[in-house]
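Notes follow the structure.
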Amino acid sequence: MQQAIEQTATGGALRFNGICKVFPGVKALSDISFEARPGSVHALMGENGAGKSTLLKILGGSYQPNSGTLQIGEHSYQFKSTAESIAAGVAVIHQELHLVPEMTVAENLLLGHMPNRFGLINRGAMYRRAGELLKGLADEIDPRTRLGDLSLGQRQLVEIAKAMSRNAHVIAFDEPTSSLSAREIDRLMAIIVRLRDEGRVILYVSHRMEEIFRVCDAVTVFKDGRFVKTFEQMADLDHDRLVTCMVGRDIQDIYNYRPRQHQGPSLRVTGLLGLGLQEPVSFAVQKGEVLGFFGLVGAGRTELFRILSGLTRSTAGSLQLDGQPLTLKSPRDAIAAGVLLCPEDRKKEGIVPLSSVAENINIGARPRHVNLGCLIQGGWERDNARAQIKSMNVKTPSPEQQIMFLSGGNQQKAILGRWLSMPMKVLLLDEPTRGIDVGAKSEIYEIIHTLAADGIAVIVVSSDLMEVMGISDRILVMSEGAITGELNRDEADESRLLQLALPRTRG
């Protein structure tokens with residue numbers, strides 16, 4: 001076995017043969033068998049809990065399977081450690097990068113095999129070798145730079161260079177674009193294509209459908225720890241078929257849409273101007289209506305939400321809520337009026353990562369109960385958190401679990417649970433399902449429709465065309481800081497929405 005590992009696989013397919021993994025009370029993987037070919041990008045798709053991450057941890061040597069083997073080329077493996085996996089030519093690039101921020105780029109790249117002379121690190125040789133590894137991949141990065149001073153996208157390139165320094169034949173990417181800019185994503189896609197064309201086996205895990213169809217050559221779908229199907233040709237696949245395969249039901253069932261009777265005017269916006277809005281914005285939303293906002297990056301949708309939630313002051317225009325004037329000088333004013341925001345970047349603006357799920361749910365409600373006394377307040381908060389966890393179906397081992405360890409979908413449901421603890425009239429959802437798996441998305445959509453049925457006006461900003469068409473009663477389109485069109489649900493299609501969203505030619 002060790003001899004085979006030391007021979008480092010340099011070619012051939014990656015095969016999973018009957019992989020099973022059992023944790024106490026949970027069968028995480030059940031008889032997983034499939035093949036990923038060299039010279040291809042092979043996607044692993046499935047809802048949270050489908051088994052994708054467990055399989056990658058087995059591939060990387062972090063977990064050991066209860067049964068089954070891996071095969072790379074002609075060699076079979078059952079890795080006992082990450083060191084054995086690395087020696088066999090495997091690199092797993094996790095969402096949370098395994099690098100040391102306090103060390104230089106060169107030290108990170110060559111950690112464990114730094115060149116030395118007379119027992120001391122030969123820094124000149126180390127920087128030269130690091131520069132060679134970065135050449136053509138990230139030429140702008142100085143090997144002497146402290147890793148923590150790089151952007152996340154640049155750090156990811158260092159991780160890839162580290163994998164290439166070990167002559168990795170199998171490279172697995174786990175949600176690699178979750179925190180990257182559009183430019184960094186384009187660069188990463190080009191690098192993945194290059195690695196594929198060099199004959200490597202690339203495994204790719206992502207919730208972002210557009211990336212799967214952009215860069216992948218084959219897809220394997222998992223559900224509840226079981227293999228469902230491998231699509232060997234992307235030409236055999238479309239978005240709807242892939243989603244149906246992942247969740248086991250038709251795409252239209254995912255959105256949970258159902259017609260509702262609207263219950264009169266809620267929020268009216270007239271001639272609104274402010275940071276990010278280039279022309280006066282006017283619209284109204286009804287009680288019980290789901291109003292979608294679609295647009296490309298930089299269209300002004302998030303900036304509009306910041307004004308409506310009191311985060312940014314308007315420079316002109318007026319607001320009315322339930323027919324009464326509404327003045328917003330701060331988020332406190334918006335919350336007091338019942339206008340509540342779930343922000344786009346939930347990790348930075350929506351949650352307190354080191355605090356518990358219960359504490360995050362009770363953040364907004366706590367000021368209303370400080371006069372009840374510590375004992376009563378503590379009891380109310382405990383009961384409220386448990387009630388919202390149950391109502392929102394937040395999957396957590398305990399209300400005291402730090403929220404940072406929950407999936408994106410469960411974090412989002414906890415944020416929604418926070419607002420349900422308070423009087424709500426208008427709910428602003430900015431990219432509510434970004435980075436969330438399909439099953440959790442369906443739960444979020446169900447919550448949206450339930451709130452609308454209860455008379456809440458729900459305004460949703462989304463860059464996902466299928467999503468905004470699937471859940472909205474009516475859709476407004478923004479481009480370059482202005483509203484460029486309005487479509488009812490039965491009028492909307494991808495072509496019309498994109499046409500309205502594209503920047504206009506200015507004379």
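Including glycine, each Cβ sits where the backbone N, Cα and C put it.
These numbers come from a predicted model, not from an experiment.
Record features, source Swiss-Prot:
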DOMAIN    14-249  domain 'ABC transporter 1'
BINDING   Gly46, Glu47, Asn48, Gly49, Ala50, Gly51, Lys52, Ser53  ATP binding site
DOMAIN    249-505  domain 'ABC transporter 2'
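According to DSSP, Gly46 (ATP binding site) sits in a coil region rather than a helix or strand. Annotation note: Gly51 (ATP binding site) sits in a coil segment as assigned by DSSP. The Cβ neighbour count for Glu47 (ATP binding site), using a 10 Å radius over every protein chain in view, is 24. Each of the binding-site residues Gly46, Gly49, Gly51 was assessed for Cβ neighbours inside 10 Å, and the highest tally belongs to Gly46. Of all the binding-site residues listed here (Ala50, Lys52, Ser53), it is Ser53 whose C-beta has the fewest other C-beta atoms within 10 angstroms. The average pLDDT computed for the domain 'ABC transporter 2' (249-505) is 85.
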